[in-house]
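Quick notes on the structure that follows.
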Amino acid sequence: MMQGTGRGVSFHYLTAILLLVHALCGSVDGKREIPVGAIFHQVSDHSYESEIAFRYAVERVNMHEKHFELVPIVRYVSPEDSFRTERKVCELAAEGVTAVFGPSSLLTAGIVGSICKTLEIPHIITHWDPEPLGGIEAELRAMTINLYPEADVLSRALADLIVDYSWKSFTIIYDSDEGLMRLKDILQIHGPADAPITVRQIDDDPDYRPLLKDIQSSGESHIILEIRPDRILELLRQAKEVKMLEEYQSYIITSLDAHTIDFEELRYSRSNITALRLMDTKSFDIKNAVHDWEQGEARMKRPFRVSPEHVHTESALYNDAVKIYATAIRELDATEEITPARLSCGSKNLRQWPFGLRIVNYMKVKTEHGITGPIIFDDFGRRAHFHLDIIELSKDEGFKKIATWDPTHGVNYTRSQGEVYSQIVESLQNKTFIVASRIGAPFLMFKEKKDGEFLEGNNRFEGYSLELIDGISKILGFQYRMELVPDGKYGSYNKVTKKWDGLVKYLLDRKADLAVCDLTITYERRTAVDFTMPFMTLGISILYAKPVQQPKDLFSFLSPLSLDVWIYMATAYLGVSVLLFVLSRMAPADWENPHPCKQDNDEVENIWDMCNALWLTMGSIMGQGCDILPKAISTRLVAGMWWFFALIMLSSYTANLAAFLTMERMDATIESAEDLAKQSKIKYGVVMGGSTMAFFQTSNFSTYQRMWASMESARPSVFTKSNDEGRDRVIKGKRMYAFLMESTSLEYITERYCDLTQIGGLLDSKGYGIAMPVNSPYRTAISGAVLKMQEEGKLYQLKTRWWKEMRGGGQCTEVPNSSQENELGIGNVGGVFVVLALGCFCAFLIGILEFLWNVRKVAVEEKVTPWDALKAELKFALNIAVTSKPVHNTLSESTASGKSSLRSKSESRRGSELAGRGNSVRTAASLTNLDKDGFAFDKH
């Protein structure tokens, strides 16, 4: 990166020669000499570059200044030699330096700062300087200016970056106590409830592999490196050997010199390596400064090469420090000439430089812009405002700027989302993903083999998940290999062992890049793995057996009343009819004149024979009434009570008939989760370790809490290992077991098992997503591919294909009509028609018998043969045009005279009977008289 010969020794002699020339000849160009001192540590590449930056920054200042010339005086000390450091500072003070730059260690810089404060000589440093535990004492730091970013603000920048990256947990690797102090803000951003932070220290042992393997076994993928720059590359090399530089590991390097490391051999690693940089390596100022360094060293015959991208932060800070100090001298010298003074550290009459405090105060309020960006100091001389570049190691350009940070705005990305997406898609080309899944229809199933067919690789499987990941791979251009998770579980967290199982564990162990199946996105899983956007939305519902179809009963209409009630009703019917008949025979009011127009009729009749009594009660119970009604109070009371009884029974029968007939077709059922929670007869369960189980475990809703308590205490266990086992248990349970499962799987089952159905609505709302390790760089790209498939309707097509078409789908697609569900079929009420048919048939038989009886009677009365009487009556009955009938029909022409003589004899006989009856009536009428009220009395 850089080369030098002679280095510190050459500079030392060069400085001595320049001082000698100035002492003998004075200033050749008439400029006033202002000595500035610098203390560097023993010769190293780093300190050598810083010294070059200091010297040529002074040279550039002198090129532009007309009134004064800065004279550099350089001294060298060991970082641990405090005694020699004190002596060198006093030497510089004795030579009249107006400022002391450096050194870069906390120990030696503290000694220099103390002496400079005593002599009031400005002390300018360029290294990390933490705030003392007791707080800053303004008096002690009155003469110190530090161009290195203030410790607390720099720590806040790292904390902001971690928050922006959404790192929930991480491991810190550090090599010194100072390094851990630099990360105090990072340690404070995590609270007691957050994931733990692991802190690991490395020693002088160059073998870091055991430490890295421990971190790998813990599953941690976020690592912060707070170590010296010369250790970073070797640690990352060993991380690559133990497979800790994969795409799911992310590193943040806290050193501001990370950009100076040659990462060429690690550029093609798949992990994300992020660092911070204080300078813009593409700026004109840094390129100009590097040009000065190289040209100046070339003049001195000392080859030196460094690219702007590899300039150390301290070197850039020395350049800016000289620049801002020269600006302060220039501005103050314009109002009052600044003259150096030789000072002594051991003098009894201590003398201070009168211009030192004024220069420091001016630098604190002055805002400058240098190689390292804006330079703004607070009241304590600390650089409280600065800009940082957030850089990321890329395959093509080495470290590439992706964002900036400043105390006001925080992290601000300079690359667009489109650039990020394009970069990710490019990295996916020709990459082979290991996709973990589990067997479960219709998401992933073993393909049915044909005779003699051998299947291997992805060809062994088929299903929704396979076609989903295949569609995504075609969009993004990657390859994939399907693997089954050994335990067949989705992934749940065991609070006792504090470990995950199933697909989540497979991802945490880095055995797979993706996990795709009916894996529900939950908060708990989201803390362990990342998910894409949901490719399917769903909720929890209840799988239950359909109502059992009962055998049809023709006499279902009798169901509303029990056999006992029907017997009691029949008994009551007969009893009331007999009672009505008896009472009507006894009650005078029910005996009436058969001929109301004939007031002289001496006979009354009672119409309430047994037939009419039975007819009245029958009509009442049927709700139809009767043409004849009782007139006596007793009979009316009996009839009224019977009508009341009949009304109540008829209303009850009618109201319950439809319900009983409907219930006949099905047994009792459940309609919602609340119904399940309220009863204990029907058992219900879920898949062990699934998201549905977690839903009930963590729910705060009282109904679901009761359901979880019931499931947990049930014996035998109501939990299953899979949805298929739950389905089979519902089928075999004969409506004594319900299975709570996700609606998508439930829909798949009910499409193929027509005796199963979904009960109620959804208990919650959630989605299935593709899982991947936390901080996976491919989440955005894969989510974009899922969204594209959704917008193009491909996700809907996939679901239709695997739910309704493949593997026996579509068998139960008939949608029941809710209006038809409550209709009663002929099988339910056919008994009514049977009774009607039997009644009509009996009536027909009785009618035939009555007809034949009448034929016999006519044959006897008319003295004809039964056959002739039958033909005559049948002929008349079939003549539908005739509406009136004589007392007797003419049977035949041959028997007309006989019939006439018989009719004459019969009429004469009836006439004599009527005459006799009339005489009797007249005789009675002459003896008695009837008034309107029916009372008899004698006229005399």
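Note that the numbers count up from 1, one per residue, in the order the chain is shown.
Any Cβ shown, glycine's included, is placed from N, Cα and C.
Remember, it's a predicted structure, so these values are computed and weren't measured experimentally.
When TrEMBL is consulted, the disulfide partner of Cys812, picked from Cys626, Cys754, Cys842, turns out to be Cys754. Residue density at Thr520 (L-glutamate binding site): 24 other Cβ atoms are found within 10 A of its Cβ, drawing on all protein chains shown.
The domain 'Ionotropic glutamate receptor L-glutamate and glycine-binding' (442-509): residue composition by secondary structure is 24 helix, 15 strand, 29 coil, according to DSSP. Residues Thr520, Arg525, Ser691, Thr692, Glu742 are listed as the L-glutamate binders, and the farthest two of them sit 17 Å apart at their Cα atoms. The most densely surrounded of the recorded positions Arg525, Lys788, judged by C-beta neighbours within 10 angstroms, is Arg525. Glu742 (L-glutamate binding site) counts 25 other C-beta atoms within 10 Å of its own C-beta, drawing on all protein chains shown.
Neighbours of the L-glutamate site: apart from Thr520, Arg525, Ser691, Thr692, Glu742, residues of the same chain with C-beta atoms within 8 angstroms of the site's C-beta centroid are Tyr490, Asp518, Leu519, Ile521, Thr522, Gly690, Ala694, Phe695, Lys766. A count of other CB atoms within 10 A of each Cβ picks out Thr692 as the most crowded of the binding-site residues Ser691, Thr692. Arg525 (L-glutamate binding site) sits 25 Å from Lys788 (site 'Interaction with the cone snail toxin Con-ikot-ikot'), taking the C-alpha atoms as the reference points. A straight line from the CA of Lys788 (site 'Interaction with the cone snail toxin Con-ikot-ikot') to the CA of Thr520 (L-glutamate binding site) spans 21 Å. Cβ environment of Ile670 (site 'Crucial to convey clamshell closure to channel opening'): Ile542, Tyr544, Leu676, Gln679, Ile682, Ala738, Ile759 lie under 8 Å away, each six or more residues apart in the same chain.
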